[in-house]
Structures are given as structure tokens and as C-alpha cells.
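Undergrad: Here it is, the structure in full.
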Amino acid sequence: MADAASQVLLGSGLTILSQPLMYVKVLIQVGYEPLPPTIGRNIFGRQVCQLPGLFCYAQHIASIDGRRGLFTGLTPRLCSGVLGTVVHGKVLQYYQESEKPEELGSVTVQKEYSSSFDRVIKETTREMIARSAATLITHPFHVITLRSMVQFIGRESKYCGLCDSIVTIYREEGIVGFFAGLIPRLLGDIISLWLCNSLAYLINTYALDSGVSTMNEMKSYSQAVTGFFASMLTYPFVLVSNLMAVNNCGLAGGSPPYSPIYTSWIDCWCMLQKAGNMSRGNSLFFRKVPCGKTYCYDLRMLI
């Protein structure tokens, strides 16, 4: 119980601290560029035309809504985080308790099993089920979080309170509205998890020397590196999921010119890929302006 409470508190603290970052990221993912590009330098010192970074973007939001505005959507996101942590822990606890009778077997067999790829598959499968269950239950809060952020673009107040947002979504879209963008989000999580754990196992088994004294530390590093690599590869699923969650929901940020009306998440994926926007919002610094791209800032000036 104490471990669960500490995880909830730690997760809530990190959620609060990262809220402004996520807010900016979501607006960029939608395609909202309120500030004009500037001439800057990339990490190699070369002059390039850049879009505003995280701090300039956050300062723009704060100049309109104040610093408190940077924490828009925090309440449903906290609810999602707390509920997700509890569900994830309960599912893993169920598997651990169901495995206890099997622990009476031979110690030698247990050691051989623990070092095999079968154990990696078993643990990854359990983690996948736990994460998927948490994602499925908390996705309605995720949708509300995204929509409350995106309404900054059109200065709407459609999704302000948690209860009012639930009523609005149910009245306009039914139960299905609470799960907009769920499929690409689940697929991204599952692919990322399996890719991360499989690569970490291969590195730890075949690339690292088991006789090294810092073996455990090196394994933790390899897990972190493979996790970062997997998240980079599966980022398009995150982008598509977030866009589908706000698409055609009655907000300016989910409608043209910021976002086309997508018929499905596959349609969204194809259109982003065709436009070369599969990594939009992945970087919050050194955001180079792609050649031939038109942003909402330019469209606003033409109106």
C-alpha cells in the first residue's frame, strides 16, 4: 500500500511539473504556430530559419492566459495518472499472486528460467496487459485533457470543467467519443514496449560482458537507451492518436486550417506521411522550418 501511494505521489508531482511542456507539445502537434519563424542557429552553429521553441511558446501562452494558463488540462491529466497507476499496479499484483504457488518448484529450474528469453516474453506480456488495461480505462481523461488544451487556439470554453466535459462528449458523440484515438495509442504503447524489452534483452545477453562488476548498472543504461529509441520510432502513433482525439470535435484546433477532417486514424497517418509531418511536435527545440510548408501563422496573415 505504501509503495502504491508513493508511486501515485511521485507520478502526480512529475505530471504537475511536466504539464507546461505537454501543453506546448500538444499545440505544436495540432499545427498551431502563433509566432513567426526567426533566424537562429542549429546545434552545429549554422544559420537556419527556426520556429519558436518551448520557452518562447510557453511565454506566449502565459502572456495571454497568465502562468496559471500553462496548467490547463491538469485536473483530468492528474486523474488519468492516478487511476492508471492504480490499475497498472493491480493487474501486476494479480499476476504476482497467481504465480506464488508455482514458486515451490526447483530453485535450479527457477534460475534457468529467469535467464531465458521465455521469461522476458512472459514479463513483457504481463506488462503489456497491465499498460493496455490502464490506457483503456484512463483514455477518456486523456481525451478531455487534449481537448481542454487545444481549445486555446480558438479561445473556446467548451471543455473547462471535468464533469461538464464528460457531459459534453457524451451528449455530442456518445460513448465512442471518450475513446477517440485509442487504437493508435494502444498500438504505439505495445510496439514500443516489445521493441524496448527485446532490444534490451539482446544487448544484455550478447553485447555486454557478464563478468563486468558494473553489469547491473550497464543493464539499466541499456534499458534507458532502448526505451528512448523505441519511443522515437513509435512517436507517429502518439501524434496520430492525439490528432484523432481532437479531430472534428467542435473546436477550431480540430478543424481546418489547423487540422483536416480525418475519416479514420489510418487516413490521418497517410495524410501526415504524405505531408512529411510524421515527427511534428517531436522536438521542442531547434525547430527548423521545412521548405515549402505553410503554417497557421501565415494563413492568419492572409485572412
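Glycine is treated like the rest: Cβ placed from N, Cα and C.
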Undergrad: Going by Swiss-Prot, do Gln59 and Gly276 end up on one side of the membrane?
TA: yes
Undergrad: Taking 48-62, 78-92, 258-272 as the choices, which stretch does Swiss-Prot tie to transmembrane segment?
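TA: That would be 78-92, the stretch labelled transmembrane segment in Swiss-Prot.
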Undergrad: State the residues, same chain only, that lie 6 or more residues beyond the ends of the topological domain 'Cytoplasmic' (253-280) and have a CB under 8 A from a CB inside it; answer 'none' if no residue qualifies.
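TA: The answer is 27-32, 147, 150-154, 181, 183-184, 235-236, 239-241, 243-244, 246-247, 290, 296, 299.
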